[in-house]
Amino acid sequence: MKKIIWMYSGMLIVLIVILYLSLTLGSIPMTISDFVKGIFGQRDGQIGVIFDLRLPRVLIALFAGAALGLAGALLQAAIKNPLADPGIIGITTAAMIGNIVVINFLPHLFFYAPIFAFAGGIIAFLILYTVTKKYQMSPIYVLLVGIALNAMFTAIIKVSGVTAIHFTESTGLSMKTWDDANGLMLFSGVGIVIALFVGSWCNVLGLSEKTIRSIGFPLMRVRWTVLFISIYLASVATAIVGSIAFIGLLVPHISRLLVGSDYRFLLPFSALFGAALLLVADTIGRTIIPPYEITASVIMALIGGPFLILLIRKFGAIYGH
């Protein structure tokens, strides 16, 4: 328990430092005094630009990162798959299709884009489940089918007819406003709070099915509830920032090394770690080669790709592939 307290304390300190750097670094420098002035209403000139553009972006990175980190941890618990990540197995790409439906056909409902994204994510997982259930949702089969679904949904996005400008504005962390931040905080905030209360369920899901049924635990109902929470979190984040893979893969694995496998502690830590990771990726992307930006999804792909290869080597041997 002492180790967990130290890890949480360290993560909070790291998050505060990253938050400070993300607010002050950029093409327009900003001091903490400028930030305080902005909070209390003095938003003229550069302070106004920073407060209206940089702060919403930081909040979006925090909430989207927390949602994606939690989504990955919940998904891995629900289907007992250490390789599961909503961004790899097609859930977030399908969620983007739901987002595009709103952009193309229902622009007056754009505030509710996360709900349409959620519907897309559910459809993607149901397809994945239908195809892989006869293989007991083997981690390698889930990964392969998920990659195929990802490719298929990406092709649909490319031929959907959505204009480049609308597509750019609806994905990534740049060009975001307070409306985007408020929408994400509302929709993801509900899911994050609910997710933090299902840690005990996730611990039970880690047992064998025979043991779970012997204690009268409603296995399927709880498993699908956890799955829906995971898909919801991944989808609402995707509706605002687009598809960002590997956060849901990296965060749970590293969090287990730091705080253990008890989901009562793992889930809150995954939320903090996910928030910090996406904020770091976005800050690096917008400051490393100014005035140009590298999207957070590219930064995460550079980090997460090699990590996935290592996991495949490890768990592929375990599952006999």
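Glycine residues also receive a Cβ, built from the backbone N, Cα and C atoms like all the rest.
Note: TrEMBL annotation is automatic and uncurated.
Range with TrEMBL annotation transmembrane segment, chosen from 30-48, 87-105, is 87-105. If you look at the transmembrane segment (87-105) against the transmembrane segment (185-205), you find fewer than three C-beta pairs under 8 angstroms, all six or more positions apart, and that falls short of contact. Long-range contacts of the transmembrane segment (263-280) within the same chain: residues 4, 7-8, 11-12, 14-15, 18-19, 22, 58, 61-70, 72-74, 77, 192, 195-196, 198-203, 244, 247-248, 250-252, 254-256, 296, 300, each at least 6 residues beyond the stretch ends and with a Cβ under 8 Å from a Cβ of the stretch. For the transmembrane segment (57-75), the neighbouring stretch richest in Cβ pairs under 8 Å, chosen from 111-129, 185-205, 226-251, 292-312, is 226-251. Under 8 Å from some Cβ of the transmembrane segment (292-312) lie the Cβ atoms of residues 61, 82-83, 88, 140, 143, 172-174, 241-247, 249-250, 253, 277-278, 281-282, 284-286, all in the same chain and six or more residues away from its ends. Remote same-chain residues near the transmembrane segment (185-205) are listed as 59, 63-64, 66-67, 70, 73-74, 77-78, 80, 114-115, 212, 217, 219, 222-223, 225-226, 229-230, 232-233, 236-237, 239, 262-268, 271 (criterion: CB distance under 8 Å, separation of at least six residues from the stretch ends).
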